Amino acid sequence: MSLWVDKYRPCSLGRLDYHKEQAAQLRNLVQCGDFPHLLVYGPSGAGKKTRIMCILRELYGVGVEKLRIEHQTITTPSKKKIEISTIASNYHLEVNPSDAGNSDRVVIQEMLKTVAQSQQLETNSQRDFKVVLLTEVDKLTKDAQHALRRTMEKYMSTCRLILCCNSTSKVIPPIRSRCLAVRVPAPSIEDICHVLSTVCKKEGLNLPSQLAHRLAEKSCRNLRKALLMCEACRVQQYPFTADQEIPETDWEVYLRETANAIVSQQTPQRLLEVRGRLYELLTHCIPPEIIMKGLLSELLHNCDGQLKGEVAQMAAYYEHRLQLGSKAIYHLEAFVAKFMALYKKFMEDGLEGMMF
């Protein structure tokens, strides 16, 4: 039994439910013969990976769906061994180099070199190149990005790159200039409602339009999240009702409780408790950027107009530090400590003003 997001994922460009003009342009790009490097970017849950797999299907046929998971060990110049997991077919290789941390440069160089120098096992694909799909390119170190730029030029004849990321702002200009940029915007509320209704019909379920609209809005235009929430609603209660409760993920509830704990008390003991809660989120693989964004959103509900600006500016500062550093907990805890000091001073000043 598979999740709806996997079970009903379109496998060809002609079956995509939205951005159909873009799908037609991508099909023309594949058929023209001169396939370039691609930089596919857009918000989470917009359908980037689905479109990339559809492009690969258009390039090579059904063979790209015969996937295998491979584990490779790469040795760095300092003799350190790095284990990397990849997903591969006979025609392409998918890897997330940022999993290797500061050694991502070595991973990129070795992976691309291996793929570019190996021959395809099936020769009837009529393509003289393989494709390497690199995910989360915006999380690569600058060294790795410069190495990627050099490698792109070196192996252009036997290898094409498809780079996938949420934002191009952290991708260096030399890479952006060597790729055809493909922006995948988030689907509209109407698009998500249509997809939810279609999936529920295929499952033999009756989804009220009001519930579909609420799911689409609560997902923040993230189609993957909307489908997962819809499936959770199905498990929780069926037949659906227009006003039924939409279940939240555990980490979102936990993050809200953490924000409430910060606002309710500003002491060293409470800061220690919050640090433990932040560790709990990080160990469950919640990205630190998401934690920072969620904390800010919840904390702003407890701030007035003047304080909101200061807190948002402070969050931007520590989020920037978070990107530069390697220990997320330091910057998250520093943000919480700074907020506690600011909020406590604000409340004390407010009380003094009321007394006089």
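Cβ atoms are placed via backbone N, Cα and C, with glycine included.
When Ser98, Ser125 are looked up in Swiss-Prot, the one carrying the note phosphoserine is Ser125; the rest have no such note there, which does not rule it out for them.
In summary, of the candidate residues Lys20, Lys49, Lys139, Lys201, the record from Swiss-Prot lists N6-acetyllysine for Lys20, whereas the others have no such entry there.
Classification of Lys20 (N6-acetyllysine) by DSSP places it within a helix. All protein chains included, Lys20 (N6-acetyllysine) registers 11 other Cβ atoms within 10 Å of its own Cβ.
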